[in-house]
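Chemist: The structure's right below; bear with me while I get my questions together.
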Amino acid sequence: MQILLANPRGFCAGVDRAISIVENALAIYGAPIYVRHEVVHNRYVVDSLRERGAIFIEQISEVPDGAILIFSAHGVSQAVRNEAKSRDLTVFDATCPLVTKVHMEVARASRRGEESILIGHAGHPEVEGTMGQYSNPEGGMYLVESPDDVWKLTVKNEEKLSFMTQTTLSVDDTSDVIDALRKRFPKIVGPRKDDICYATTNRQEAVRALAEQAEVVLVVGSKNSSNSNRLAELAQRMGKSAFLIDDAKDIQEEWVKEVKCVGVTAGASAPDILVQNVVARLQQLGGGEAIPLEGREENIVFEVPKELRVDIREVD
């Protein structure tokens, strides 16, 4: 059985930065460190940080006075940010800079009195944070997930209308929704480049190339990871058997029985150690050496806050 690896796969710059912020805060300040929501959507990462003293909470009221609080990579609403400011807390922001870019787009629209439409998945923390940047009572902020949502939507003023997108969506699905928005509201204004981040786009391109060769595609990522789910869905749309797995233990032997080629990729919040474990398990099931496919090179780095720029080895 041939094993192919998608390229790129795994951690993106925003996830790297968010995890480093929590790790460095633990190294500098010691446990406990409070993190609002899972810092990234990966069970292995969250469990590892929890073992080292990170406490993951959903409400600011759960954080004691004087504590260290970190916002997750998904971002938070202005209401959450203001609540944290009103408390005696030291706050570090691990929001991905590409999510912050979308927040700024919404805030500008709010200041101008433009109504805004966000393309995204209801209930996702990134969507909640982005929707929460809009505060103009004279305007309006709306969420759509599909072209059907667009055709049902009524706004106050079609002349002053803009749209934004969640950063981890399906490129193909989002294109369909944007097309519907432009037909429904001809004067709508969008970002010069859509808000889907480079890592989401690159990993979807990579899984498309992977699925062209592999009979079965394994996507390493947690069930609550939006970008990981989109990778599995894309492979399935291409007619391949695709499975979203947290780790190697989730692999069922019948998935790869009599399969000649299996492909492996990982969502942007999944560490490479999990991919290595998946490859090792596939090799136990008869797989050969893992062959990485060619793909886009990624060299983007997002700096951590200057207060947390430390060599952890020196602290240890």
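Even glycines carry a Cβ here, placed using N, Cα and C.
For CYS12, CYS96, CYS197, the entry in Swiss-Prot reads [4Fe-4S] cluster binding site, with the evidence type sequence analysis. Per Swiss-Prot, the feature dimethylallyl diphosphate binding site maps to HIS41, HIS74, HIS124, SER225, SER226, ASN227, SER269; the stated evidence is sequence analysis. Per Swiss-Prot, the feature (2E)-4-hydroxy-3-methylbut-2-enyl diphosphate binding site maps to HIS41, HIS74, HIS124, THR167, SER225, SER226, ASN227, SER269. What Swiss-Prot records for HIS41, HIS74, HIS124, SER225, SER226, ASN227, SER269 is isopentenyl diphosphate binding site, and it gives sequence analysis as the kind of evidence. Residues or ranges marked as active site, proton donor in Swiss-Prot (evidence: sequence analysis): GLU126.
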Chemist: Write down the Cα-Cα distance for HIS124 (dimethylallyl diphosphate binding site) and CYS96 ([4Fe-4S] cluster binding site), rounded and given in Å.
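Modeler: About 15 Å separates the two Cα atoms.
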Chemist: What subset of the recorded positions HIS124, GLU126, CYS197, ASN227, SER269 lies within 10 angstroms of THR167 ((2E)-4-hydroxy-3-methylbut-2-enyl diphosphate binding site) at the C-alpha level?
Modeler: GLU126, CYS197, ASN227
Chemist: Give me the non-local Cβ neighbours of HIS124 (dimethylallyl diphosphate binding site): same chain, 6+ apart in sequence, Cβ-Cβ under 8 Å, ordered along the sequence.
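Modeler: Those within reach of HIS124 (dimethylallyl diphosphate binding site), by Cβ under 8 Å and sequence separation of 6 or more, are HIS74, GLN166, SER226.
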Chemist: List only the single closest residue to CYS12 ([4Fe-4S] cluster binding site), chosen from the recorded positions GLU126, ASN227, SER269 by CA-CA distance.
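Modeler: Closest by Cα distance to CYS12 ([4Fe-4S] cluster binding site) among the recorded positions GLU126, ASN227, SER269: SER269.
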Chemist: How far is it from SER269 (dimethylallyl diphosphate binding site) to CYS197 ([4Fe-4S] cluster binding site), counting Cα to Cα, in Å?
Modeler: 13
Chemist: Just jot down the residues in the same chain as CYS197 ([4Fe-4S] cluster binding site), at least 6 apart in sequence, with C-beta under 8 A of its C-beta; none if empty.
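Modeler: Sequence-distant Cβ neighbours: CYS12, GLY14, CYS96, LEU98, THR167, THR168.
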Chemist: Determine which residues of this chain, when HIS41, HIS74, HIS124, SER225, SER226, ASN227, SER269 are set aside, have a Cβ within 8 Å of the centroid of the isopentenyl diphosphate site's Cβ atoms, and list them as they appear in the sequence.
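Modeler: Other same-chain residues near the isopentenyl diphosphate site: VAL40, GLU126, THR168, ASN224, SER228, GLY267, ALA268.
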Chemist: List the same-chain residues at least 6 positions away in sequence whose Cβ sits under 8 Å from the Cβ of HIS41 (dimethylallyl diphosphate binding site), in sequence order, or say none.
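Modeler: Those within reach of HIS41 (dimethylallyl diphosphate binding site), by Cβ under 8 Å and sequence separation of 6 or more, are GLY221, SER222, ASN224, SER225, SER226, SER228, SER269.
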Chemist: So if I measure Cβ to Cβ from GLU126 (active site, proton donor) and keep only same-chain residues at least 6 apart in sequence, which ones fall under 8 Å?
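Modeler: The answer is HIS74, GLY75, VAL99, GLY120, GLN166, THR167, THR168, SER226.
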Chemist: If you count other C-beta atoms within 10 angstroms, which of the binding-site residues THR167, SER225, SER226, ASN227, SER269 is the most crowded?
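Modeler: When each Cβ's neighbours within 10 Å are tallied, SER269 tops the list.
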Chemist: Should SER269 (dimethylallyl diphosphate binding site) be counted as helix, strand, or coil on the basis of DSSP?
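Modeler: SS state of SER269 (dimethylallyl diphosphate binding site) = coil.
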